[in-house]
Structures are given as structure tokens and as C-alpha cells.
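The block underneath contains the structure these notes are about, expressed in C-alpha cells.
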Amino acid sequence: MRQKIVAGNWKMNKNLDEAKELIKGIKKEVQAGLEDGTRVIIAPCFVNLHYAAKKTKKSTIEVAAQNMHQANSGAYTGEVSADMLTNLGVNIVILGHSERREYFGETDELLAQKVDAALENKLEVVFCFGELLEDRKSGNHFKVVENQLKKALFHLQEADFKNIILAYEPVWAIGTGETASPEQAQEIHAFVRELLTKKYGVETANAISILYGGSVKPANAKEIFSKPDVDGGLIGGAALKAEDFAAIIKSI
Ligand code: 13P
């Protein structure tokens, strides 16, 4: 069954004191009956995951990490493993975000390893993909998206996709205030579902949730979410305010 999902990627924002406030605010809004069966996920930074997981344990809010290392343990200074996350009660990880690709050199090949490690450790993966502005301008966006998905995910078995959520995030729309039009989002989402149908069959393709991310805010969420192949959103800036995040959840 395809799920409606709204996830907040807090990126490198909110210290513990601020995270406490934001979680309190989101809990209040979500408990006030806004979610309507929609999965609500928040992704604070590593150091606040323990607190977030504990504080949301009895609520319907789920907690995700923004990254993890592909090895189970070892001499990787500064890194965090899948096991460390699940041990905290964090069962979801965002992988492939364009900021990880751009600033930390994460390649599709590395992401394939991270996806494998996450799935082996029973984590659910929110896998991000999306083209750069120059790809879209040159009309290469379909090819770029196809390559990203093929290289990082198409070695998986059909059953693995039960634990994958996809997030289309065109890089030119992230944090820029410029959103892909609902039609542009729908076009890519439908294209991705078609790729999945060809490789894994229509059942898998229809069961997977594909989120849109890139300057989603209360004012544009409803229109984007109204598209048939858009199953929710991965929200950056607007997830940092409880009221805005709640308004976006309500738009689904
Ligand atoms: P913005 O909503 O701030 O554009 O960020 C989107 C994003 O990158 C979510 O992962």
C-alpha cells in the first residue's frame, strides 16, 4: 500500500534546546489530529537523535537520521553506523541527499553500499535523487534521474522496495524558493514509476511512495500533493517551524 508521508529534514539546524522546542511544537500540532493516517517523520542532526527518539516514542511521529556510514563498525572517525541508529530506536535513514552528494562527494556507487548496509540492518531508506539546473536546462533530467536510480538501487531485489521511500529533489529547487511546478514533479514521479514497473513490475512500482522535495511550503503544498504520483514531501526550511510543518501535513 502506498503511504502518504511528510518528512522534515532539519539539516544542520537546531541545537538541543531548539530541537526540544520544535519537537514539543510538532507533537502538539500532530496530536491535535492533523495527520489523518499520514506518516510524519522528522530528521534532526545526529546529536539530537537520541532525544528525539525518546521523546516521540509514544507518539505517531517517526525519527530518521540524515546520513550513515556504510560499514557496520570500525576505524571511521566521525562516522555513525546503521547499528548505532537502530539501537537508539531510529529506524529510518535519509540517503543520497544532494547536499551529501555535492559537499561530501557521495557517489551513486557509495550510495548503493549505504543502501545495502541500511537494509541489512532493517532500516527504512528515504532515497533522494534529482537533477542539477544545468541538467534540466539541457533536457538531460530524465537521463540523470534514471542513472541515479539505476546505479544506487537497481541491484536490489523486489522485496527490498518495501523498505524504500523515494524522494525527488531537483537540486535547483532546494532552498532556493523556486519550486518545481506540480506538473514538473508529476512528470518525473510518473517517469520513475514507469522505470520501476519495467524493472520490478507494476505492483512494486505502485506500492512505493515517491515524495517531492524542494521549497515546499504551506502555500504550495496542497497543489503539489494533489498530483497522482506525488505521495508527500521531504521538507527542509519549512520543517523548522512547527506551524508551517503542521500546515504542510494538513495539505496532504
Ligand atoms: P527546502 O525545503 O529548504 O528547499 O529543502 C528541501 C530539502 O532539501 C529537503 O531534504
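Don't overthink the numbers, they just go from 1 along the chain as shown.
Including glycine, each Cβ sits where the backbone N, Cα and C put it.
As written in TrEMBL, here are the features:
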{"type": "COILED", "residues": "9-36", "note": "coiled coil"}
{"type": "BINDING", "residues": "ASN9, TRP10, LYS11, GLY175, SER215, GLY236, GLY237", "note": "substrate binding site"}
{"type": "ACT_SITE", "residues": "HIS97", "note": "active site, electrophile"}
{"type": "ACT_SITE", "residues": "GLU169", "note": "active site, proton acceptor"}
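Across the structure, GLY175 (substrate binding site) and the residue listed as 'active site, proton acceptor' are spaced 11 Å apart at their Cα atoms.
Take the mean position of the Cβ atoms of ASN9, TRP10, LYS11, GLY175, SER215, GLY236, GLY237, the recorded substrate site; other residues of that chain with a Cβ within 8 Å of it are ASN13, ILE174, ILE235, ALA238, ALA239, LEU240. Fewest Cβ neighbours within 10 Å among the binding-site residues ASN9, SER215: that distinction goes to SER215. Reduced to three states, the DSSP call for ASN9 (substrate binding site) is strand.
When the alpha carbons of SER215 (substrate binding site) and HIS97 (active site, electrophile) are compared, the span between them is 15 angstrom.
Local packing around the Cβ, expressed as the count of other Cβ atoms within 10 angstroms, is greatest for HIS97 among the recorded positions LYS11, HIS97.
Here the CA atom of GLY237 (substrate binding site) lies 15 Å from the CA atom of HIS97 (active site, electrophile).
For the binding-site residues GLY175, GLY236, GLY237, the ranking by surrounding Cβ atoms (within 10 Å, all protein chains) places GLY236 first. Here GLU169 (active site, proton acceptor) is compared against the binding-site residues ASN9, TRP10, LYS11, and the shortest C-alpha distance is to ASN9. Note on TRP10 (substrate binding site): other Cβ atoms within 10 Å of its Cβ, all shown chains, come to 22. Following the DSSP three-state reduction, the secondary structure of GLY237 (substrate binding site) is helix. In the structure as shown, the Cβ atom of the residue listed as 'active site, proton acceptor' sits within 10 Å of 26 other Cβ atoms.
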